[in-house]
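Student: Have a look at the structure that comes next, please.
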Amino acid sequence: MHPRNKYKDNPPDFSVLAFKYPSFYPFELTYCLLREDFNLFLDIPLDTLCPPIPSRLNYIHWIEDLISSTESHEELGKNTVHGIDIGTGASCIYPLLGCTLNKNWVFLATDIDKKAVKYAKDNVHRNNLDDKITVRRNKTDKKILLNDNMIKDTTIKFSFCMCNPPFYENQEQYEKGVESKITSSHSVCTGSSNEMFTPGGEFQFIKDILEESLILRTKIRWYTSKIGRLETVNKIVCELKKSGIDNYVVTEFCQGLTRRWGIGWSFGSQRPTFSGSQPVSKKLRRSAPPKSEFSVVLPTNVGEIFKFLRNLFDELEVTGQWNEESNTFYGSAQINTWSRAARRAKAKSEAQKTPITQKVGDENLFEFTCNLEPEPLDVSISNTRVIISWTNGKDRNIFESFYLHIKKRLEQEFNDKTASL
């Protein structure tokens with residue numbers, strides 16, 4: 001469960017809820033939790049999915065992390081965040097929770113089902129969120145994001161889209177899935193056919209979003225989807241790689257005995273660096289994206305490393321600024337000054353007393369953060385972890401060469417000194 005999920009270490013007290021809400025029954029738990037913990041009031045038809053709130057929160061919090069980790073240092077938390085909920089359902093649960101938890105979020109919620117759209121609009125109005133959430137009906141199942149050009153033609157830049165697609169291709173596939181469940185029958189979901197089944201199952205649905213994203217590209221910063229079957233994660237990652245997309249994330253959502261997964265991809269150059277961008281589960285290792293965060297532990301204190309790095313960054317002509325309260329450097333590089341060829345050219349120019357003329361591009365090669373954290377490995381020795389994260393850029397190789405150069409210089413300076421004592 002996500003660390004910020006309010007139910008992680010504080011599960012609902014059913015006896016208190018039953019006392020406060022006399023109509024409480026197990027299937028009304030969703031209503032009770034929304035009213036008690038979020039002051040949200042919901043009405044949904046009995047033949048549609050009743051959303052379990054803790055699992056919905058996991059997805060919302062993951063998107064919060066994804067957005068915050070890929071905003072620039074200057075724009076962090078200052079802009080309106082525009083999101084799209086694909087297949088919002090009668091509950092409209094993701095927009096309602098998202099806008100309640102994040103006052104700067106605004107949603108476009110879509111669904112193909114006329115009845116679901118009516119209930120969703122009523123739920124938005126019931127909670128006085130009409131100025132934050134717009135519910136639109138998608139009148140065709142042939143297009144998901146490109147329907148009526150409602151996204152393509154707008155001037156709005158969306159921060160994300162989210163989706164909880166139907167897991168199954170048909171009733172037969174659903175019944176096989178139920179038979180294979182080890183858990184008890186209460187974990188088996190029920191809902192309308194639109195919510196349960198889609199041609200080609202969830203894989204085809206997410207693949208269709210991917211194909212439309214190749215047209216929309218940076219119109220939406222992060223394309224995301226929840227996934228119900230582990231095999232789908234690996235198949236979608238393969239499709240991303242086929243499309244030349246290397247900026248993606250995968251994660252696992254855990255709720256009791258239930259496992260779900262999430263995937264997101266972007267055409268932007270902002271690289272996610274939060275802990276949830278790298279899955280912990282061994283089952284997801286082969287689907288995990290390449291690392292964007294690297295670290296090295298050195299046997300010296302933060303102050304000594306701070307002074308050394310400040311001089312080193314000046315030497316390498318890296319620009320940026322230190323936040324001395326958090327011991328974090330926000331930097332960027334416009335030219336490669338650390339490669340062997342660049343160092344040879346510099347040495348030659350110094351020997352011949354001739355200036356180096358190197359073309360500086362309009363864009364940075366990359367942006368990064370460097371964070372210094374005390375590392376109490378041994379109480380008798382001051383240790384510091386240096387964490388360097390790639391936050392923006394398109395060329396992974398050039399960033400990794402920069403990190404390896406920094407790491408080598410740090411180890412030469414501090415490990416060698418320690419060894420000589």
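Placed from the backbone N, Cα and C atoms, the Cβ positions cover glycine too.
In TrEMBL, annotation is done automatically, which means it is predicted and not curated.
OK, TrEMBL features for this one:
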type: BINDING; residues: ARG56, GLY87, ASP111, ASN164; note: S-adenosyl-L-methionine binding site
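Quick one: where do these features end up spatially?
Tutor: Cβ neighbour count for GLY87 (S-adenosyl-L-methionine binding site) (all protein chains, 10 Å cutoff from its Cβ): 22.
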Student: Would you mind listing, in sequence order, the residues at least six apart from ASP111 (S-adenosyl-L-methionine binding site) in the same chain with a Cβ closer than 8 Å to its Cβ?
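Tutor: Residues satisfying the criterion: GLY87, THR88, GLY89, VAL117, ALA120, VAL135, ARG137, ASN138.
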Student: Looking at S-adenosyl-L-methionine and its recorded binding residues ARG56, GLY87, ASP111, ASN164, figure out the farthest C-alpha pair and report it in angstrom, whole number.
Tutor: 18
Student: By a simple count of other Cβ atoms within 10 Å, which of ARG56, ASN164, the binding-site residues in the record, is least packed?
Tutor: ARG56
